[in-house]
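Single-structure report; data block below.
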Amino acid sequence: MATAVRSGRLSSWQSFCQWVTDTNNRIYIGWFGVLMIPCLLAATTCFIVAFIAAPPVDIDGIREPVAGSLLYGNNIISGAVVPSSNAIGLHFYPIWDAASLDEWLYNGGTYQLVVFHFLIGISAYMGRQWELSYRLGMRPWICVAYSAPLSAAMAVFLVYPFGQGSFSDGMPLGISGTFNFMLVFQAEHNILMHPFHMLGVAGVFGGSLFSAMHGSLVTSSLVRETTENESHNYGYKFGQEEETYNIVAAHGYFGRLIFQYASFNNSRSLHFLLGAWPVVGIWFTSMGVSTMAFNLNGFNFNQSILDSQGRVLNTWADMVNRAGLGMEVMHERNAHNFPLDLATVESTPVALQAPAIG
C-alpha cells in the first residue's frame, strides 16, 4: 500500500473507490448508488416483463386467479402487477421457496420481487442524495424533502400489508389497480374522515397553489435585460450574481393584493415554506395510512342526525357511509367475505329512506 502511494499508482480497489465517490462524474454514483442501481434495474426489468406477460395471480387465495398483464387481455389502463396471494400472507416468497417457477408466478411472487427491490432502490436514492450533498458541502434538506414520497411508498407497499396481515392487501402496480386500492381503502378505513389525510390534501393542494403563485410572481417581476423583441429568458446568464427578478416589486404587489404580512420579504424563508409545506403534508398522509393499516380508522359517523320526528337529516357523512358500504360489497366479491357491518344482527343506521309512492 505504502509503495503504491509513494509511486503514485493506485490499486484497482482504490481506483474504483475514487471513481464511485468522484463528484466530477457526469452522473454521481456514490456508495448508495452501488446499491441503488442494481436494485432499481432489477425492479424495473421485472415490472416491465410482468406487466407484459405475467400469468394470472391467485390474489385472494381461493383458486380464482386475476389476470393483470397485457398478454392476458389487459390494456395500459387496466394492466397491473397483481399483489402476491393471500395464501402467502406476509411470508417472504423468493423464487427458491416455490416448488416451481409456475407456482411462484401463480402465487404472485413477481410482486414481492418488484416491491422489495423498488423500496431498497428508492431508499438508497435518498441516501445518495445525502451523500452527494455532503461531498459538495451542501445542506441536507434535499434528501429530507425526498423522504416524503419515500414514506408514502413505504406506507402503501410495506406498512399497510404488514398491518393487514398479507401482501395481497398491498397496492397493485398499475393505474386501475391504484384506483381500486384507493376505493377499497376508503371503504374499509374511511380515510376521507381521517385528519392526517386532510392535512395531506392541504399539503399537496396548498403546495401546488404556493408553487403556482411563486412562479407567476417571479415571472411577472423579472428584471428586463433584453429588448422588446426578445424573450425575457435570454436576459438570464447562468451563474449571474445579481437577482433575476425584483423581489421588492413582487412583495409590494402581493402585499397589496391580500395584506402586507401575507407577503414574504425574505427569499430564504419563502423557499423554506415552499419546500416544507407539501413535505409535512405528505408525511402526515403517510402516518395516516400507517395508522389505518392497523385499523385505527378515520372518524366514524354511523349515527345519522334525526329531526324531532325521527326523520333522517342527510349529511355528507351519510353519503360517505353509503358509498363505503357499496364499495365494500363489491370488493373481493368472489371471496364471499360479506362486510361485517352489513352481516351483523342489528342493522347499521345509515341515511336510507324509502320515497313515498302515490
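Each residue, glycine too, has its Cβ placed from N, Cα and C.
Annotated transmembrane segment per Swiss-Prot: 28-45 (among others), in sequence order.
Counting only residues at least six positions away in the same chain, the Cβ atoms of Cys39, Leu40, Ala42, Ala43, Cys46 sit under 8 Å from the Cβ of His117 (chlorophyll a ChlzD1 binding site). The annotation chlorophyll a ChlzD1 binding site is assigned in Swiss-Prot to His117.
The transmembrane segment feature in Swiss-Prot is assigned to 117-132 (among others). Same-chain residues lying 6 or more positions outside the transmembrane segment (117-132) and placing a CB less than 8 Å from one of its CB atoms are 23, 28, 30-33, 35-36, 39-40, 42-43, 46-47, 138, 140, 142-143, 146-147, 150, 153-154, 157-158.
If you look up Swiss-Prot, you'll see Tyr125 marked as pheophytin a binding site, on the strength of sequence analysis. All protein chains considered, the CB of Tyr125 (pheophytin a binding site) has 20 other CB atoms within 10 Å.
Same-chain residues lying 6+ beyond the ends of the transmembrane segment (141-155) with a Cβ under 8 Å from its Cβ atoms: 118-119, 122-123, 125-127, 129-130, 133, 275, 278-280, 282-283, 285-287, 289-290, 293. Here Swiss-Prot flags 141-155 (among others) as transmembrane segment, drawing on sequence analysis.
Tyr160 (site 'Tyrosine radical intermediate') falls within a helix when secondary structure is assigned with DSSP. For Tyr160 (site 'Tyrosine radical intermediate'), the same-chain residues that are 6 or more apart in sequence and have a Cβ closer than 8 Å to its Cβ are Asp169, Gly170, Met171, Val289, Ser290, Met292, Ala293. According to Swiss-Prot, the feature site 'Tyrosine radical intermediate' maps to Tyr160.
Summarising the annotation, Swiss-Prot assigns [CaMn4O5] cluster binding site to Asp169, Glu188, His331, Glu332, Asp341, Ala343 and lists sequence analysis as the type of evidence. In this view, His331 ([CaMn4O5] cluster binding site) is surrounded by 15 other Cβ atoms within 10 Å of its Cβ, with every protein chain counted.
Cβ neighbour count for His189 (site 'Stabilizes free radical intermediate') (all protein chains, 10 Å cutoff from its Cβ): 23. In three-state terms derived from DSSP, His189 (site 'Stabilizes free radical intermediate') belongs to a helical segment. Per Swiss-Prot, site 'Stabilizes free radical intermediate' is recorded for His189, and the stated evidence type is sequence analysis.
The transmembrane segment annotation in Swiss-Prot covers 196-217 (among others), and the record cites sequence analysis as its basis.
Classification of His197 (chlorophyll a PD1 binding site) by DSSP places it within a helix. Counting only residues at least six positions away in the same chain, the Cβ atoms of Ile191, Phe284, Thr285, Gly288, Gly298 sit under 8 Å from the Cβ of His197 (chlorophyll a PD1 binding site). Sequence annotations record features per position, and here Swiss-Prot assigns chlorophyll a PD1 binding site to His197.
Taken from Swiss-Prot, the feature quinone binding site covers His214, Ser263, Phe264. Under the DSSP three-state reduction, Ser263 (quinone binding site) is assigned to coil, being neither helix nor strand.
Taken from Swiss-Prot, the feature Fe cation binding site applies to His214, His271, supported by sequence analysis. The number of other Cβ atoms within 10 Å of the Cβ belonging to His214 (quinone binding site), over all protein chains shown, comes to 17.
Summarising the annotation, Swiss-Prot assigns transmembrane segment to 273-287 (among others) and lists sequence analysis as the type of evidence.
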Query: Any residues 6+ beyond the ends of the transmembrane segment (196-217) with a Cβ under 8 Å from its own?
result: 250, 253-254, 270, 273-274, 277-282, 284-285, 287-288, 291, 298
Task: Measuring CA to CA, name the entry from the recorded positions His189, Ser263, Phe264 that ends up nearest His331 ([CaMn4O5] cluster binding site).
output: His189
Message: Let me check the 10 A CB neighbour count of Asp169 ([CaMn4O5] cluster binding site). How many other CB atoms are there?
response: 21
Task: Give residue numbers and ranges for long-range contacts of the transmembrane segment (28-45): same chain, 6 or more residues beyond its ends, CB-CB under 8 A.
output: 19-22, 113-115, 117-118, 120-122, 124-128, 130-132, 135
- prompt: Three-state secondary structure of His331 ([CaMn4O5] cluster binding site) from DSSP?
  reply: coil
Nearest of the binding-site residues (Glu188, His214, Ser263, Phe264, His271) to Tyr125 (pheophytin a binding site), judged by Cα-Cα distance: His271
- prompt: Considering only the recorded positions Glu188, His189, His271, which residue has the minimal Cα-Cα separation from His214 (quinone binding site)?
  reply: His271
